[in-house]
Amino acid sequence: MPRGRGGRGGGYGPKKNYKGQRRHFTDADELKQQQERDKKQQEWRRQQGIESDEEEEEEPKATAKSQGAPGELPPSDSDSEEDSEDEGDKKAKGVEHLIEIENPNRTGARQLKKVTELNTTGKTQLSRREREELEKQQAKVRYQQLHMEGKTDEARADLARLAIIRKQREDAAKKREEERKAAEEAKGSKS
């Protein structure tokens with residue numbers, strides 16, 4: 001069976017790849033020139049009496065909306081129409097009116113709660129990780145307190161090591177003192 005059906009349909013052939021093609025960007029000057037041409041054309045139509053009264057009323061609104069910084073998209077008319085309609089005026093589709101759905105993505109009249117209305121009387125529930133972190137910090141504080149009091153095994157070992165070092169230093173100091181006295185007596189007996 002031959003392959004390669006031009007990239008259309010469900011065939012096996014290679015599909016058309018649009019990557020790497022040149023892109024066309026409209027320059028801001030070109031946009032301004034096009035707007036000026038449109039304005040001139042509208043003026044000419046008004047002078048000739050080609051347009052109806054309804055179109056003339058809609059054009060100033062459209063031009064006011066379309067004017068803006070280059071690169072900004074004008075707001076669509078459908079958005080403003082949807083905002084102006086009430087939720088109650090819309091007709092229910094299918095079985096929508098039978099089922100209550102709380103869709104957070106759906107815009108409309110939501111029952112928003114103020115910060116002051118939120119239930120702050122109840123105790124906040126911590127997640128497992130937060131609870132473990134809190135317990136860990138409390139245990140660390142307790143251990144440091146016991147360590148300062150000398151009640152932990154590590155503190156006892158440190159105190160015992162410190163006592164041994166103090167005793168060694170005392171013995172070394174006594175030995176030096178005896179040697180110094182012996183050296184002074186030796187000097188005193190020679191003179």
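Any Cβ shown, glycine's included, is placed from N, Cα and C.
Database features, via TrEMBL:
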- 1-132: region 'Disordered' (REGION)
- 24-48: compositional bias 'Basic and acidic residues' (COMPBIAS)
- 78-87: compositional bias 'Acidic residues' (COMPBIAS)
- 88-100: compositional bias 'Basic and acidic residues' (COMPBIAS)
- 103-181: domain 'Casein kinase substrate phosphoprotein PP28' (DOMAIN)
- 170-191: region 'Disordered' (REGION)
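Broken down with DSSP, the compositional bias 'Basic and acidic residues' (24-48) shows 21 helix, 0 strand, 4 coil. Taken through DSSP, the region 'Disordered' (170-191) splits into 21 helix, 0 strand, 1 coil.
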